[in-house]
Amino acid sequence: MTPLASQVWLAVPVAVPLAAAGVHTAFRRRALSAWTGLLSPCAVLAAGVVLARAVLSGGHPPTAFRGVLRADALSVWILLVVGAVAALAAAAAPAHLAGERAAGRADAATARRYQVLVHAFLGAMCAAVLAANLGVLWVAIEATTIVTAFLVGHRRTRASVEAAWKYVVICSAGIALAFLGIVLLYYAARAAQIPEAQALDWPVLVAHADRLDPAVTRLATALVVLGFGAKAGLVPLHAWLPDAHSQAPAPVSALMSGVLLSVSFTAVLRCKAVADLVLGPGYTRTLLTATALLTLALAVALLLAQRDYKRMLAYSSMEHMSLIALGAAVGTPLAMSAALLHIAGHGLAKTVAFCASGHVLQLRGTTRIGRVRGLLARAPGLGTAFGLSVLALLALPPSGLFASELALARAAFAARFGWAAAAVLLLVLTAFAALAVRTAAMLLGDVPRVGAGPAASGAGVALQLQPAEQRLGVPPVAAEGTPQGPYRPAGDRPGPARLAPGTPAVPVRLGMAAGLPLVLGLAACAALGVAAGPLTDLLSAAALPGRP
């Protein structure tokens, strides 16, 4: 790849989303906004494909802006995952925003602000992924915190504002610790006579690792793992995650869980590559193993007690991030391949799960598991998509998570991590049971009937049986007939408002705009589990530890 081409394709994943944010700010035409909403993730995907070919062709890795941005196999792999998840979230956003507008919780200005923030969020994540300088990486991840804080509080309710503040406070504390770690790495680099302009370039630190002070590097690594681990959902600074994921709009929750956690963990991997050369692999192995096991144990305990399905998905993210951290702790090429494959599979499956949960919330008006029953009968398409996404998260074949967890188990036993693998297996099976039981109750419970049970009069009937648009005062005909609304009554039967007492609820189906992203996400996750295909070489190259 020529230097000019490198400059262009490395700039595209950052510049196009930021330009799209500017377009949404400057123009109010909804049709134009829809086009830019899909253009931005597609540009990220296209850049990822081009950069992957350049990386795999051999030669010097593509760089841009005097080495500030750099593409290697790991960054390209994460970039492709970010692009795929962002494309699914962008495709799901119009139906979600249509439901919010119909319910009176959003207007045109709110939707435009949402699009501006989402594209800025995407640009910041891409900058973090492609950054070759640890200082630039830190700034980009801090930018994701600022932007997503406004997205978490998007609805401006008491709960969402509290979740946004909690997110800002905890993640800022983590980012501050990571900043201290990076400052210490800079100090070690300058003490090793590395030029000031290159003292935070991770490829330079890897190349001169033998000159770095071990004591300073040890402390810096601990601070970086603790700090960036906060944004990755790892203990002890994890408490923001369930609140933020449960209050953010569904497509934003998909982006945060599907890729933001993994992007933040990529920063840990960059510093791990340096620390392993300075200290040997034992230090980061112990640190990451302890963090992974504690995170997994806490996530499983909270899953067992969980009664909120969006928070349930958030704790599931902690579970999967702990498995990724364990793969990094083992550190062999097979373990790293499993961890990176797990990042992709989890991103796709969790995107579908969160987008589907957003439709469930709009349909039922609650996130309480006990108040959602008979989803397969009430909304067959939505129930099927939600159920299949949970099955994928449970690592049942042909999900890509099945292949990654199987490879992770093989790698752990081969590296003599049998005790850790046994503990993880026990905890994962417990999480499997908790997720399966709660999801089955939502999907297979009794379908409510009009006039049945204690909530059989007045507003109680509407709350049980009507879509969120009708419950919140939108006329039934307008809510069901709008071409952008995600819900349709099946066939030509009358809406639930006209049903006689004792009649089963009318099944509701998703529109094409709401259902297509869910189908595509599930298909991609299954395809990843069946055969990685052309991604195999890239995955193998990305799994090589410490490659400068």
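Positions of Cβ are set from backbone N, Cα and C atoms, glycine also.
Taken verbatim from TrEMBL:
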DOMAIN    131-429  domain 'NADH:quinone oxidoreductase/Mrp antiporter transmembrane'
REGION    475-501  region 'Disordered'
TRANSMEM  6-27  transmembrane segment
TRANSMEM  34-56  transmembrane segment
TRANSMEM  76-95  transmembrane segment
TRANSMEM  116-141  transmembrane segment
TRANSMEM  164-188  transmembrane segment
TRANSMEM  219-240  transmembrane segment
TRANSMEM  252-271  transmembrane segment
TRANSMEM  283-304  transmembrane segment
TRANSMEM  324-344  transmembrane segment
TRANSMEM  375-397  transmembrane segment
TRANSMEM  417-437  transmembrane segment
Legend entry - Proximity verdict for the transmembrane segment (252-271) and the transmembrane segment (116-141), three or more C-beta pairs under 8 Å: yes
Given the transmembrane segment (164-188), its same-chain partners at Cβ distance under 8 Å and 6+ residues beyond its ends are 134-135, 138, 141-142, 145, 148-150, 152-153, 199-200, 205, 212-213, 216-217, 219-224, 226-231, 237, 239-240, 243-244, 247, 267, 271, 274
Run the contact check on the transmembrane segment (324-344) against the transmembrane segment (6-27): 3 or more C-beta pairs under 8 Å, excluding pairs closer than 6 in sequence. no
Per the Cβ filter (under 8 Å) with a sequence gap of at least 6 from its ends, the transmembrane segment (34-56) is approached by 1, 5-6, 9-10, 12-13, 16-17, 20, 23-24, 62, 71-73, 76, 79-80, 82-84, 86-87, 89-91, 93-94, 115, 118-119, 122, 126, 537-538, 541
Residues outside the transmembrane segment (283-304) whose C-beta sits under 8 Å from one of its C-beta atoms, at least 6 past its ends, are 218, 221-222, 225, 229, 233-236, 238, 242, 268, 272, 275-276, 312, 315-316, 318-319, 321-323, 325-326, 328-331, 417, 420, 423-424, 427-428, 430-431, 434-435
